[in-house]
Amino acid sequence: MQGSARRRPFPAAAPGSPPPAGTLFPGRHGAVKGEDTFKSSPFHLDLWFYFTLQNWVLDFGRPIAMIILPLEWFPLNKPSAGDYFHMAYNVITPFLLLKLIERSPKTLPRSMIYVSIIMFVMGASIHLVGDSVNHRLIFSGYQHHLSVRENPIIKNLKPETLIDSFELLYYYDEYLGHSMWYIPFFLILFIYFTGCFTPVAEESRMPVAALLLMGPSSLYYWYLVTEGQIFILYIFTFFAMMALVMHQKRKGLVLDSNGLFLFYSFIITLLLIAGWVAWLWNDKILRKKYPGVIYIPEPWAFYTLHMNNLHAAKESF
């Protein structure tokens, strides 16, 4: 009887009682372990490659596609090719962010992730509308290096209240849309970054594929920060990464290959931004549009100011 009592299975826990220590237990945020463990996470070559490819094609490439493709294909009163690129970006990017979070070796706060994804989609969609109209205005002579009220095609509008409407459109595009788009984006990257630490020093190495992707990835982040005018958000995210790296180093933890890829990409981005600012430091026209302590011109403002003039000079010949 005693032997059979020892072999008797463990009785089922009463409803609401905690599970035995050290076992996996389900919860609202998925299955987590009762004690902290570290798992190895190989470099996510597929995800980082898809991120880089779709960022360059669907984000950076959308205004270029709008300018290059014949205007007859996409009339000014219809969505442009860049708008369709933007729509695809608004669907693919949240999916890739969710897949990236799923591969984290650490259990992350999913409620915060879901709220961030929702805000990201809302902000990117607001930006889609404002950016679509603003880029279509280029065909009518709108100049991005000038403010809304200083643009020749805007200042002569009648009644003058129409100028207020264009300023509202600019606000939705450049301020509200960018904030709701980029804040959740960098927040998700940072949350993922918090799980990219390992006690195994051998895992703190990047494969050759990561080194090859680092250049295009960093260059895109440069475009994102300069064109989106989000240097403050970017630099605070970077400082938070640095503080976390130093804090985890005291615990004997180092970045894995994915964390190194993200961290080094941000470092190279900072160097690219510094070079961009130094190059245009004495540009008086851009200085007028971007006053204040933080002077970071937008690439498209530089294009409409200098490259458009260059194209016009070539056509005159």
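Even glycines carry a Cβ here, placed using N, Cα and C.
TrEMBL labels come from automatic prediction, so no person has curated them.
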Can you check which of 1-26, 27-52 TrEMBL lists as region 'Disordered'?
1-26
Among 47-69, 84-101, 113-130, 230-247, which stretch has the most Cβ pairs under 8 Å to the transmembrane segment (181-201)?
113-130
Can you see whether the transmembrane segment (113-130) and the transmembrane segment (230-247) are touching - at least 3 CB pairs under 8 angstroms, only pairs 6 or more apart in sequence?
no
Taking a Cβ cut-off under 8 Å, which residues six or more beyond the ends of the transmembrane segment (47-69) line up next to it in the same chain?
80-83, 85-86, 88-89, 92-93, 96, 99-100, 103, 135-136, 138, 209-210, 213, 216-217, 220, 223-224, 258, 261, 300
